[in-house]
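Chemist: As listed in TrEMBL for this protein:
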TRANSMEM  6-22  transmembrane segment
TRANSMEM  43-62  transmembrane segment
TRANSMEM  74-93  transmembrane segment
TRANSMEM  128-150  transmembrane segment
TRANSMEM  170-189  transmembrane segment
TRANSMEM  201-219  transmembrane segment
TRANSMEM  285-306  transmembrane segment
TRANSMEM  318-341  transmembrane segment
TRANSMEM  347-369  transmembrane segment
TRANSMEM  390-407  transmembrane segment
Amino acid sequence: MEAFYWLLFGGLAAVVATLELRKTTRDRAATSSAFNSFKNNYILVYSFMMAGDWLQGPYVYYLYTTYGYGKGDIGRLFIAGFGSSMLFGTIVGSMADKQGRKRASVTYCITYILSCITKHSPQFKVLMLGRVLGGIATSLLFSAFESWLVAEHNKRGFEPQWLSITFSKAIFLGNGLVAIVSGLFANLLTDNLGFGPVAPFDAAACFLAIGMAIILSTWTENYGDPSENKDLLTQFKVAASAISSDEKIALLGAIQSLFEGSMYTFVFLWTPALSPNDEDIPHGFIFATFMLSSMLGSSIASRLLARAVPRVESYMQLVFAIAAVTLLLPVVTNSLIAPSTVKGGSISFSGCIQLFGFCIFEACVGIFWPSIMKMRSQYIPEEARSTIMNFFRIPLNIFVCIVLYNVSAFPMTAMFGMCSAFLFLASMLQRKLMKIAEAHKSSKIIIFVFCILIL
């Protein structure tokens, strides 16, 4: 079965390389040197930020076990992280709009560095503080940087369609190549060089410090609403009003929460799904394969976003539907293929089918990120961008906390079935969003033509 892993990884690598090397002029927009410099600066910073995040991921659970904590205590630590993101995320998002996105990005670096430092202590209270700081940092990572990019892109007068280029390339590198290299580097520090499970967190702090230095020296400040007469509560009201009054924003938030909730649940479930009988599977290699699949998805997204047709609202319906089918595979294989009762050994036949499907799901994730960024840049108002984006994360964090708390109470197939249903619902909501967007665009054209006729 070991050959299967290499065949899958090699096949994905060949497809990604072919797609990148065979890009035509139709896939590449003609851009200015000023934009290319701006784009490369953002991608460099984003890559450092994601390296700081990815280095920690593979060893958080393992580090807690080396300190002697069991599943219950570790579960509470993880819940604290998502709960912190839910409780404080909207506040820090609003502060980013009010106090400045550059300041918020620097705050992310400082907060996450402090979170990394807490990993040196085996005390539960200190580790809990680290999870709370990590939750705040995660909220900033997925709102402040994107908000800064969109505002700065528009402020410098670059073409709106060029924004998709930055999104696609940032996801391709930050959520793909950087993730793979970070996983291998973390493994090198921990296992090969023998520095122990806390070493990846120290390395993450170093990368975050370098990224922060680049932000401080090269970024300019921008704001959502810099007016002096709007306090935090007023900003919340503005964001809530925007969501409730614009159906497109509400649908976008629901779609994002459904997809990301399923995605984070998948993160917890893929290991037991592939090794239900403690099969010996190469977790690090599979993780690298997933990240390669995500790179494939972002490469496909860059081609789709470079074209006027199909529109992002259109093709994302299919992406969500495909993702729903892939997460239904564990349910199907468990009902059609008799489960193995042999403990240990290599991955089973049904596990191979599921792994192939999970790679397709990760490719959908790679398409999702730049595409949802594109839609957010179109529909979310600038004055409350970070606040609204963190509002979207509230139902996501509630859902993940519930899943974490009850992960042992439901069969694994039920959890996958629920995720699949959520993704099918996201596909239907995406179709509704497309119809509303097309109707809005048609009404604008009619009004424009009417005005021309009058004049």
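Backbone N, Cα and C define each Cβ position, glycine as well.
Whatever TrEMBL says is automated annotation, not expert-curated.
Small disclaimer: the values here were computed from a predicted structure and weren't measured.
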Chemist: Can you work out which residues elsewhere in the same chain, 6+ from the ends of the transmembrane segment (201-219), have a Cβ less than 8 Å from its Cβ atoms?
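Modeler: Same-chain contacts beyond the flanks: 41, 44-45, 48-49, 51-53, 55-56, 59, 63, 102, 105-106, 109-110, 112-113, 116-117, 119, 148, 152, 185-186, 189.
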Chemist: With an 8 Å cut-off on Cβ pairs and a sequence gap of 6 or more, do the transmembrane segment (128-150) and the transmembrane segment (347-369) reach 3 or more such pairs?
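Modeler: Between the transmembrane segment (128-150) and the transmembrane segment (347-369), contact is absent.
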Chemist: For the transmembrane segment (74-93) against the transmembrane segment (6-22), do we get 3 or more Cβ-Cβ pairs below 8 Å once near-sequence pairs (under 6 apart) are dropped?
Modeler: no
Chemist: Between the transmembrane segment (347-369) and the stretches 43-62, 318-341, 390-407, work out which stretch tops the count of Cβ pairs under 8 Å.
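Modeler: Most Cβ pairs under 8 Å with the transmembrane segment (347-369) come from 318-341.
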Chemist: Report, as numbers and ranges, every residue of the chain located at least six residues beyond the transmembrane segment (390-407) whose Cβ falls under 8 Å of a Cβ in that stretch; write 'none' if there are none.
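Modeler: 75, 78-79, 82-83, 85-86, 89-90, 92-94, 139, 142-143, 239-240, 243, 252-253, 256-257, 260-261, 264-265, 268, 415.
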